[in-house]
Amino acid sequence: MDRKDLTRIDDYTWEIPQSFREGMRVPIRILANEELVDDIITGEAIEQAVQTAHLPGLVGHLVVMPDVYSGQGAPVGIVAASKYPAGAIAPGAIGHDINTGVRLLGSSIKRADADDLMDELADKLHEFIPCGVDAEGSLQLSKSEIDHVAQSGAQWALRKDMAKQDDLVRAEEGGRLNEANPSKVSETARALGAQQLGTLGGGEHFIEISYVDEVFNRAAAITMGLKEGRLTAQIHCGSRGYGRQVCADYIERFQDVADKYDAHPPNPNLAFVPLDASEAEDYMGAMRAAANYAYANRQVLAHRVREAFDEVIEGGGDSLRTVYDVAHNLGQVEMHEVEGKHMRCYVHRKGAARAFGPGTPGISLPYRALGQPVIVPGSMGETSWVMLATRDAMSKSFGSACHGAGRTMSRHEASYQGEAILDDQLENRGVRVRSGDTSTSGGVQLKENIDAVVDTVSGAGLAGKVARLKPLAVVHG
DNA sequence: ATGTAC
């Protein structure tokens with residue numbers, strides 16, 4: 001694809017018309033600045049976006065985020081809104097790592113006071129947090145306990161003294177989706193979940209200590225508890241094998257019933273069924289269960305980070321306060337205005353965060369008047385940004401923004417890349433690294449386009465800058 | 001992303 005296939009809407013928006021290929025249900029809107037657009041349209045993710053635009057019942061336009069990259073079925077970095085309940089639902093447009101996301105914690109600890117302690121802090125984080133694909137957790141729960149986790153999300157951790165009330169108040173959806181249905185989750189998934197709660201996983205998943213480098217919106221930063229020169233902690237992870245298995249199980253099941261619904265996607269990983277099919281309801285219940293597992297997992301990891309801080313800094317754990325916790329891979333029923341009409345939609349977000357503008361119902365109370373926080377972590381060891389959603393996000397991207405933590409290569413390409421160079425790259429940037437089994441991160445390469453991504457998100461009017469964070473230490477799988 | 005593999 002090249003630029004002649006695109007219509008330029010404005011400085012940050014490019015459209016691929018519905019006529020680009022027969023079978024597309026909506027046009028595609030790529031959100032990207034001059035610097036990013038050519039890479040996006042020449043990469044392999046864009047063909048996946050074209051295929052995703054075939055999903056029946058899509059409304060408005062398929063949104064492609066500036067940090068998009070190649071995924072399975074749908075690319076990572078898209079928003080696809082389907083009319084509810086007349087449209088379709090596709091697990092591949094939500095992703096295998098259901099509710100992968102980010103928890104950001106702020107603190108009152110001055111960077112200058114912690115400089116000499118950073119190596120010890122990195123050691124303790126690594127000691128307290130099991131990493132890698134095969135990491136088994138410190139919790140070792142029964143399958144029936146995992147059903148409680150899947151039902152209650154981060155609230156389960158509150159009952160187990162691994163959360164503060166304020167953690168939940170400042171998490172998206174209070175850290176728990178309603179109408180989760182663990183009985184629709186396979187035995188295989190439940191068994192994996194029982195072993196893995198409280199583990200970080202591999203690939204792009206990481207825990208990072210950073211500091212607030214610069215504040216751009218002082219009032220918002222105060223509400224968020226972010227102050228220049230103070231330490232922060234970020235936890236980027238998801239639902240581990242539990243969510244992966246839920247996605248795989250339902251893609252297979254949807255493929256099996258394709259004939260019944262005359263549902264034939266351009267790619268088997270984009271298997272779909274009508275939203276009002278019983279199989280769709282089962283998937284939604286299982287997917288919400290996996291989302292709650294991920295909310296609980298980030299909460300348990302936040303607890304472990306607090307324990308690690310306590311070992312090194314007096315009162316360190318207690319000073320870590322949740323700023324926000326946001327999901328990147330989720331499907332939700334929401335009201336949106338499309339071509340002048342209010343309608344109920346099923347919004348698939350894959351590699352995209354919800355970003356509701358100021359005053360929108362559903363935003364956590366401390367932030368409802370300001371707009372939903374948008375955490376853009378960059379790759380591990382990269383600059384991160386904290387932003388606030390603005391009103392334009394509702395019309396431009398179904399109330400969504402980028403997810404930030406991207407790859408330069410698809411997983412498929414990365415699998416050919418051989419030995420890990422990631423840790424050397426990180427060390428060269430002066431970031432302390434502690435890693436587990438690097439076999440899963442061997443192909444992870446650091447992106448350096450985070451500032452262009454953030455320029456696009458703010459230029460397109462999805463979110464405004466609040467603060468920039470700089471990395472000090474990373475723990476990854 | 002992953003009891004890893006188009």
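The first residue you see is number 1, and the count goes up from there.
Placed from the backbone N, Cα and C atoms, the Cβ positions cover glycine too.
Per TrEMBL, the feature active site, GMP-histidine intermediate maps to A:His403. The feature Mn(2+) 1 binding site is assigned by TrEMBL to A:Asp97, A:His205. Summarising the annotation, TrEMBL assigns Mn(2+) 2 binding site to A:His236, A:His328. Sequence annotations record features per position, and here TrEMBL assigns GMP binding site to A:His328, A:Asn329, A:Pro377, A:Gly378, A:Ser379, A:Met380, A:Ser384, A:His403, A:Gly404, A:Ala405, A:Gly406.
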**OP:** Have a look at the recorded positions A:Asp97, A:His205, A:His328, A:His403 and say which one has the shortest Cα distance to A:Ser384 (GMP binding site).
**Re:** A:His403
Original post:
What is the total of other Cβ atoms whose distance to the Cβ of A:His236 (Mn(2+) 2 binding site) is within 10 Å?
Top reply: 28
Original post:
Distance between the residue listed as 'active site, GMP-histidine intermediate' and A:His328 (Mn(2+) 2 binding site) at the Cα atoms, whole Å?
Top reply: 6
Original post:
Near A:His205 (Mn(2+) 1 binding site), which binding-site residues out of A:His236, A:His328, A:Pro377, A:Ser379, A:Gly404 have their CA within 10 Å?
Top reply: A:His236, A:Ser379
Original post:
A:Pro377 (GMP binding site): which of the binding-site residues A:Asp97, A:His236, A:His328 is the nearest Cα neighbour?
Top reply: A:His236
Subject >> Proximal residue to A:Asp97 (Mn(2+) 1 binding site) among binding-site residues A:His236, A:His328, A:Ser379, A:Gly404 (C-alpha distance) >> reply: A:His328
**OP:** Report, in whole Å, the straight Cα-to-Cα distance of A:His236 (Mn(2+) 2 binding site) from A:Gly404 (GMP binding site).
**Re:** 11
Subject >> Cβ neighbours within the same chain of A:His328 (Mn(2+) 2 binding site) - under 8 Å, at least six residues apart >> reply: A:Asn99, A:Thr100, A:Gly101, A:Val102, A:Gly238, A:Arg349, A:Lys350, A:Gly351, A:Ala352, A:Ala353, A:His403
Original post:
Including all protein chains shown, what's the count of other C-beta atoms within 10 A of the C-beta of A:His205 (Mn(2+) 1 binding site)?
Top reply: 27
Subject >> A:Ser379 (GMP binding site) and A:His236 (Mn(2+) 2 binding site), distance between Cα atoms, whole Å >> reply: 10
Original post:
What number of additional C-beta atoms lies within 10 angstroms of the C-beta atom of A:Pro377 (GMP binding site)?
Top reply: 28
